[in-house]
6 protein chains.
Amino acid sequence: MRPSGRDLSELRPVSIETGVTKHAEGSCLIRMGDTHVLCTATIEERVPPFIKGSGLGWVTAEYGMLPRSTNTRMRREAASGKQGGRTVEIQRLIGRALRAGVDRVALGERQITIDCDVIQADGGTRCASITGGWVALRLAVNKLMKAGDVLSDPLIDPVAAVSCGIYAGQPVLDLDYLEDSDAGVDGNFILTGSGRLVEVQMSAEGSTFTRAQMDELLDLADKGVQELVALQKAATE
Amino acid sequence: MRPSGRDLSELRPVSIETGVTKHAEGSCLIRMGDTHVLCTATIEERVPPFIKGSGLGWVTAEYGMLPRSTNTRMRREAASGKQGGRTVEIQRLIGRALRAGVDRVALGERQITIDCDVIQADGGTRCASITGGWVALRLAVNKLMKAGDVLSDPLIDPVAAVSCGIYAGQPVLDLDYLEDSDAGVDGNFILTGSGRLVEVQMSAEGSTFTRAQMDELLDLADKGVQELVALQKAATE
Amino acid sequence: MRPSGRDLSELRPVSIETGVTKHAEGSCLIRMGDTHVLCTATIEERVPPFIKGSGLGWVTAEYGMLPRSTNTRMRREAASGKQGGRTVEIQRLIGRALRAGVDRVALGERQITIDCDVIQADGGTRCASITGGWVALRLAVNKLMKAGDVLSDPLIDPVAAVSCGIYAGQPVLDLDYLEDSDAGVDGNFILTGSGRLVEVQMSAEGSTFTRAQMDELLDLADKGVQELVALQKAATE
Amino acid sequence: MRPSGRDLSELRPVSIETGVTKHAEGSCLIRMGDTHVLCTATIEERVPPFIKGSGLGWVTAEYGMLPRSTNTRMRREAASGKQGGRTVEIQRLIGRALRAGVDRVALGERQITIDCDVIQADGGTRCASITGGWVALRLAVNKLMKAGDVLSDPLIDPVAAVSCGIYAGQPVLDLDYLEDSDAGVDGNFILTGSGRLVEVQMSAEGSTFTRAQMDELLDLADKGVQELVALQKAATE
Amino acid sequence: MRPSGRDLSELRPVSIETGVTKHAEGSCLIRMGDTHVLCTATIEERVPPFIKGSGLGWVTAEYGMLPRSTNTRMRREAASGKQGGRTVEIQRLIGRALRAGVDRVALGERQITIDCDVIQADGGTRCASITGGWVALRLAVNKLMKAGDVLSDPLIDPVAAVSCGIYAGQPVLDLDYLEDSDAGVDGNFILTGSGRLVEVQMSAEGSTFTRAQMDELLDLADKGVQELVALQKAATE
Amino acid sequence: MRPSGRDLSELRPVSIETGVTKHAEGSCLIRMGDTHVLCTATIEERVPPFIKGSGLGWVTAEYGMLPRSTNTRMRREAASGKQGGRTVEIQRLIGRALRAGVDRVALGERQITIDCDVIQADGGTRCASITGGWVALRLAVNKLMKAGDVLSDPLIDPVAAVSCGIYAGQPVLDLDYLEDSDAGVDGNFILTGSGRLVEVQMSAEGSTFTRAQMDELLDLADKGVQELVALQKAATE
């Protein structure tokens, strides 16, 4: 019944290839079906002004889509002179999500920037960015630990994300672009490896939903994230 | 236990004053405690390019804060040359929320813009904007109906919003600024008068939460929104 | 003969409501007929770079119109990415006007920013901003004096402003929007309580005027400003 | 007593050289002492949207300063990404001033843009721009008349401008930079050849003035403008 | 003597992988040593205004670097609100270079946009973009030909580019980042498969060069480009 | 055969008038036929951040065209909010070219900014800017030397530039606008007084060229630059 033939609770094929760029302190190319996102982590020994001197670290994110990552070419944001509202929302979300798994005291007063650049888009790019972003972050932090720059592991609980929605009247896991375009209700669910919730965003464009539906989607999300966390672990060990 | 002395499930005093500006097709000043938002509705007989010729209407929103609506003066966004990420996120949310209650076929090919300008801020400005924005929208649509410009009521289910969060370990309704600054977990809940969910956004800055906590907050939100919907109704009848 | 039925030398009904926002050091809502402007004063213990270390204070102003303060909705300046030429001109004028009544030595090295936000417009918003802006400034300075942060009163002569013009061949005081649209010649006159001139701006879009006409308008302005100064005084005592 | 040794009511040496660029429909280089402004007029057979189809013409102006026209190099406005408040104010003033001398019906539905670029600045650049701008406009209109594109002369009364101020306690005509920096009160006076007023802008940075002083400055301005109008005439005949 | 151990006239290992994104009409990932550029071609049935109705086609290019394609993270151009001077120069160069090999009459009135996004940078990104951009263009045009949308092949002579420079006193082919940083003189040479020159850009930061040196570099470039053209051909057959 | 009647290897009439603005440390108005560029040099006792503390000086350039320097009025770049790609390319080229003739150690840690503003354009504005820019630089450095601020002359070899191209099948020197519009191949050649090459930029819009053609153009350029260097010398002695 799904266009891809997947089961209702089946993720797309996921692969996480690490070490894909030589300059970044951590990097991976995450593929969730036809959605491909390049995630890199950059460590800098400085923090934003609002926490200077606090001893706390910071994790932030930026997000972009290559102009032809989509079916129709999008205008390049650098050329249009600003990041659109959707871009800004997504990159704020990615940063907030990743910080939920970080002990900022243990990280120490430094900043890690996660760049998530969508090479090819087929739905779920923000979730792939969070899941892949965590892998890049994990690899960069491993480098800090190896070098003795942090003493205890600042990554306390892995963070991953997946979208779910009501498609053709059924709750389904990990919407691809075709499903996403048709889903009346969809949500992004960010959870930790220990099963706690980090962020829930459910919305219904021009529609509404019930708490029962919400619960069904949460169950799916929980299952999907645990699978993703296992893949993150496998990729970074 | 709450700084304001309110019960855990008690809204701040709410007032909705309508007809506050002479030019707008609908307007109100909503006060939720010390949060005051001026909401105006503007009807235009044109729609954005992406729906031109579709026969469908559009409802959109813009949001702003006066520079000294806050404790410390904020930079005026017009002077800094762009709307910040938070502003863009909020105005996209308001528009999406209001559209959930609108039958865009019945509205016909016209656009209603809801401007939400925060005169004084004390937490919960986006929720107050949605609740007050609906009132301005209701008044503008009443005008269209009176003039015979729409034949059946395009507003199918009132929309209102409230924030909830975990403050000092307790789930509380309608956070004010003091509580909001301290809450580890908070969420914005947008519901309709008939009790359906429109949008749920829960997040935990540097923290996480359980599904049990989520359920408690949803219960509080449901109660709060029903009270707000009654106030919206009283203000527009 | 005036659309409003006013006498040639009659101001619109004026009210000045103070203390309208809880965060600002001084605030008022000034209503000149249907022109309503919210004025707030913000004190900051810093000055612009060009007077740092001089011991002198600074008073500056910013001006904005809510998008639906006007008959037809204006584009929000924050969304269009810059302040228009008219906005920039007006806020420079307000700042310059207010500084004329200030002893910057007595004020000491601090800055007071006057924000003038037009809630509803019906002509004469810049004059209302100056007159109301002075009230907000007065209230903020009163706070400084009460706290002992300034030793002598830095406000030496109250400043107020009014527009005058030639409407239907007659010199009239305090143009409303209808008159303003039709006036061949109009001017903004900023004077002090002691009757001295601060700024005179007279212009004639596509027309010209004589010195005799100019004198008549100055007489009207003088009368109007003295009435406004009395209202400022009443509001701040 | 004036730094330049001029009499109180003496203009700086003025020269107006016409035909200085081969592309423009009208052009001149006006020198008022050490203030040198290049003025060009461009005729276009189109008008701004707000008068399309009205049959009326439009005259508008743009103003700029070369980065090293001033004593200290100014940042190039094209590089800083926007025109400053002062620039915007000045170019609006120039356009408004020139339109006062134009019969827009006789001009017909076309636009003339006057570009005023300051090659070297020594005070009074906006007045020189208006006076020189009129010359460029006159030459461009002559071309239209010669070609039979306009039937009657749309230039009905020449427009020129001069600054006056109170310097060292004395009213003086045509302030240069040294005087301007020290003048407590100064004004820009735009008049026509027939002695009518077009625009009066008097202000007093951190100071005030009396009507008697205002009258003295107006007398000086009237004298100065008549001399400038004679020079405009000589340059264009 | 070269840091990489290459011969003076030896290219870095080059690979061209085609079909790397599913949405674009043509795409490749070109790797010249550690410089990796993703090139995509987008066909649109519209042309820029300046050739509308001419029957001619257009080929244009845009260029970007991912923030962490470089050793130190660069600021994202979309976030800084504009494309830097270097970016603008490079993308103009790429478009101009590719057009030299195109028969714009045969292409017909349509536009092909080549996006060149640098995934990893190690010197020579503009040359890799041109060489890879031609491959993406070739693949997109093949699609047009297959579909019968163009009747004769609009690609008349393949275009490729390579850098050369004087490193450690020796003329060398295909500078990598280490060499590029040290080279007193370097140039970008764009040639066609038939050995004609398209564009030559030689410069010497803070230095100069002789015609004899220029000739040596041209010889190297000619050799390098012929090798690249062979690789382009192999990749697209 | 050339529209101007010039010989194939004949420059346009060139004049260099120095000392044209009173504020700049060095200035000239260079006229190459109908191309007129005002060049000024500004000395500042500061350098860009990337060489602070290095003891090295910096020479940079900015370029602009007055809106009506061209046949059709161009949009003012300050009004459009950014410098176009062509402007950015040209000013980077001018700076780079001039630095080739400068001993930055001898200059000492200061910056000289060359502003090149095109008053009237008729082809070859970038070459005129470089040739005139060197004159302004020479005059400014003379001032530094006279004042004893630099001990040895930091200008080691004069820099000048000229364009050449293939017009009507013939290699010609110093293209004017008419020739430039028709030339299939053209180039900008920057050389020093001692005959060394600084920068070569040859390109062929939609066309290609041979090495033999390139050599012919280089011969012409060499001849033209030597004439220009003689004129620079004459103007600054």
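Using N, Cα and C of the backbone, Cβ positions are placed for all residues, glycine too.
Where the annotation comes from TrEMBL, it is an automatic prediction and has not been curated.
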Further binder of phosphate named by TrEMBL next to C:Gly124, C:Thr125, C:Arg126, taken from the candidates C:Arg76, C:Arg86, C:Arg99, C:Arg104: C:Arg86
Could you put numbers on the helix, strand and coil content of the domain 'Exoribonuclease phosphorolytic' (C:10-140), residue by residue per DSSP? 42 helix, 41 strand, 48 coil
Compute the mean position of the Cβ atoms of C:Arg86, C:Gly124, C:Thr125, C:Arg126, which form the recorded phosphate site, and then list in sequence order the other residues of that chain whose Cβ is within 8 Å of it. C:Tyr63, C:Ile90, C:Val118, C:Ala121, C:Gly123, C:Cys127, C:Ala128, C:Ser129
Please give the greatest C-alpha separation between any two of the phosphate-binding residues C:Arg86, C:Gly124, C:Thr125, C:Arg126, in angstrom, as a whole number. 13
If you count other Cβ atoms within 10 Å of each one's Cβ, which of the binding-site residues C:Arg86, C:Arg126 has the most? C:Arg126
So what pLDDT does the domain 'Exoribonuclease phosphorolytic' (C:10-140) average out to? 96
Residues of the domain 'Exoribonuclease phosphorolytic' (C:157-223) by DSSP state, where helix covers H, G and I: 19 helix, 29 strand, 19 coil
If I restrict to non-local contacts, at least six residues apart, and a C-beta distance under 8 angstroms, what lies near C:Gly124 (phosphate binding site) in its own chain? C:Met32, C:Thr35, C:Val162, C:Ser163, C:Asp174, C:Leu175, C:Asp176, C:Asp180
